[in-house]
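Novice: Below is a structure I'd like to ask you about.
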């Protein structure tokens, strides 16, 4: 199901309504594209009520001194995993209930019309999948899947939630504040007695199927995305400052191929000095205006 409610603007930076001239410029850009390559970031999901990291005033970095878990710390430290999974366990019911907004639906429709050649999302929230996008790569994975670091066995995150509940029948924690990737803020004291299940097949460490900070995207996935970009004739970046190199490298490749690049993002991005078009509007407000 898709939310038909008004957008949730709690985590969306303030911005002016779309300028008619900008709408016309983006319309011209999209109309001239035959095989559009789209890359989305956290700014496309903020209107679904999911906070991002970097937005001015409302992003996690602006609101708190908290930072996301690092890959090496998660792998090395049992207490880090306990802390991560406890916070994730509390946040999961709300995080997994978020629904696509108008921007996700527009991109799905462009795919159906044959306009959108390939979509690459840096998000791990599954909202593009929920919207119905199929020609898509989840660059950083998806929180809705979990796998074992030892044997590779995969399970659904919803299934893991049941294991957590069975292992922690009396454990309760009140959360304060939601973080971008589905976890919440808890104190060390709250986390102390939380039990984390091991892999059902081999007893190994379970990890969400996402690229944590400090980890790298597989070369196979990077090569696949480069191939899709090579087949495209233009690039649209929606809702991303492109500060993370794993996504930024594809913009650099597009520039090298001399593809026209349009950027739709509230606030500055790493592409602003070489993009053909920069638009400072909400994705869910501007994209639906494009025919």
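Including glycine, each Cβ sits where the backbone N, Cα and C put it.
All annotation found in TrEMBL is predicted automatically rather than curated by experts.
Not measured: the values here are computed from a predicted model.
Sharing the feature lines straight out of TrEMBL:
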- 140: active site, proton acceptor (ACT_SITE)
- 148, 151, 199, 202: Zn(2+) binding site (BINDING)
- 16-291: domain 'Deacetylase sirtuin-type' (DOMAIN)
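Structural setting of the listed features?
Specialist: Counting only same-chain residues six or more apart in sequence, the Cβ atoms lying under 8 angstroms from the Cβ of residue 140 (active site, proton acceptor) belong to 122, 123, 124, 210, 211, 217, 246.
Listed in sequence order, the residues of the same chain lying 6 or more apart from residue 202 (Zn(2+) binding site) and placing their CB within less than 8 Å of its CB are 148, 150, 151, 153.
For the domain 'Deacetylase sirtuin-type' (16-291), the model gives a mean pLDDT of 91.
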Novice: Using a 10 angstroms cut-off on Cβ to Cβ distances, just flag whichever of 148, 151, 199 is the loneliest among these binding-site residues.
Specialist: 151
Novice: Excluding 148, 151, 199, 202, which residues of the same chain place their Cβ within 8 Å of the centroid of the Cβ atoms of the recorded Zn(2+) site?
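Specialist: For the Zn(2+) site the neighbour list reads 149, 150, 152, 153, 198, 200, 201, 203, 204.
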